[in-house]
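J.: Here it is, the structure, as structure tokens.
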Amino acid sequence: MTGNNQTLILEFLLLGLPIPSEYHLLFYALFLAMYLTIILGNLLIIVLVRLDSHLHMPMYLFLSNLSFSDLCFSSVTMPKLLQNMQSQVPSISYTGCLTQLYFFMVFGDMESFLLVVMAYDRYVAICFPLRYTTIMSTKFCASLVLLLWMLTMTHALLHTLLIARLSFCEKNVILHFFCDISALLKLSCSDIYVNELMIYILGGLIIIIPFLLIVMSYVRIFFSILKFPSIQDIYKVFSTCGSHLSVVTLFYGTIFGIYLCPSGNNSTVKEIAMAMMYTVVTPMLNPFIYSLRNRDMKRALIRVICTKKISL
């Protein structure tokens, strides 16, 4: 349907990844293996935290929510990517595109918020150990997680509604493997000033401020451990915080890389590669980082396996 030189767009074409045809099958198998690893790894953490009573602590409540967020974050984009890699016409409906955008932002925002909360949890545990159980009570932590989900849903809904009000002309080709908000803005023939303004303002609240809060938490932790009497205590703190710092580096490093690295003619390829890092690679590595460097997780896995063997 046309009018005023505009076309009602019913679907978009996702060009996906610039993969040569001879490597298409290889990359399909690679992405499928990565997605299955994401599902199994993050489900394992969720199940362990649920089944093992020794992990019923704030730190692991946040970790299980992070694993759930990682699992859903990848599931928003990966199934459609795999489907389109096997399709002659890699399309997504207009409604499906907005739905994908909404949930992508929900789970992406949630990961950013949870990393802040986990940093705060470590800060309280190390700097105020005697008051830890009082400050990080079960009720407080559950309420905090619920609040974070509400904030992320509200933020994602705002951007989705702002995109929904835009008009899209004849161009419907998205140079990405999912409905990225920046790619959609490039296709719009409407005034996108409000959209860009909200991205800059709220982007700082969702990305910059959480990152600064994490840095502040670890600065306080660093100065606190300088007062520790023994090397063993310092090593224990570093081993406890090391997993979280690794995840923070992976997540924020790739996101900042999109905006801080100089853009050239291959800026679209760079954005796609970076997006693949924080939507696929990071969620895949997180379970390994937390399980391989965490004694509690290893012991919980052994206890659950032994319990199942005894019950059989």
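Cβ coordinates are placed from backbone N, Cα and C, and glycine is handled just like the others.
The model shown is predicted, which means the values in this text are computed figures rather than measured ones.
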J.: In Swiss-Prot, is the topological domain of Leu14 the same as that of Lys236, meaning both on one side of the membrane?
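T.: Result: no, Leu14 and Lys236 do not share a side in Swiss-Prot.
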J.: Between 26-49, 58-79, 101-120, 140-158, 197-219, who has the most Cβ pairs under 8 Å to the transmembrane segment (273-292)?
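T.: The stretch with the most close Cβ contacts to the transmembrane segment (273-292) is 26-49.
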J.: With H, G and I counted as helix, E and B as strand and the rest as coil, say where DSSP puts Cys189 (disulfide bond).
T.: coil
J.: Below 8 angstroms Cβ to Cβ, which residues of this chain, lying six or more residues outside the topological domain 'Extracellular' (159-196), approach it?
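T.: Residues 5-7, 9, 11-17, 76-77, 80-81, 84, 92, 97-98, 100-102, 104-105, 202, 268, 271-272, 275-276, 279 contact the topological domain 'Extracellular' (159-196) from elsewhere in the chain.
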J.: What is the number of other Cβ atoms found within 10 Å of the Cβ of Cys189 (disulfide bond)?
T.: 14
J.: List the residues of the same chain that sit at least 6 positions away from Cys97 (disulfide bond) in sequence and have their Cβ under 8 Å from its Cβ, in sequence order, or write 'none'.
T.: Glu11, Phe12, Ile174, Cys179, Leu184
J.: Do any residues of this chain, six or more beyond the ends of the topological domain 'Cytoplasmic' (50-57), have a C-beta under 8 angstroms from a C-beta of it, and if so which?
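T.: Counting only partners 6 or more residues beyond its ends, the topological domain 'Cytoplasmic' (50-57) has Cβ contacts under 8 Å with 64, 296-297, 299-300, 303-304.
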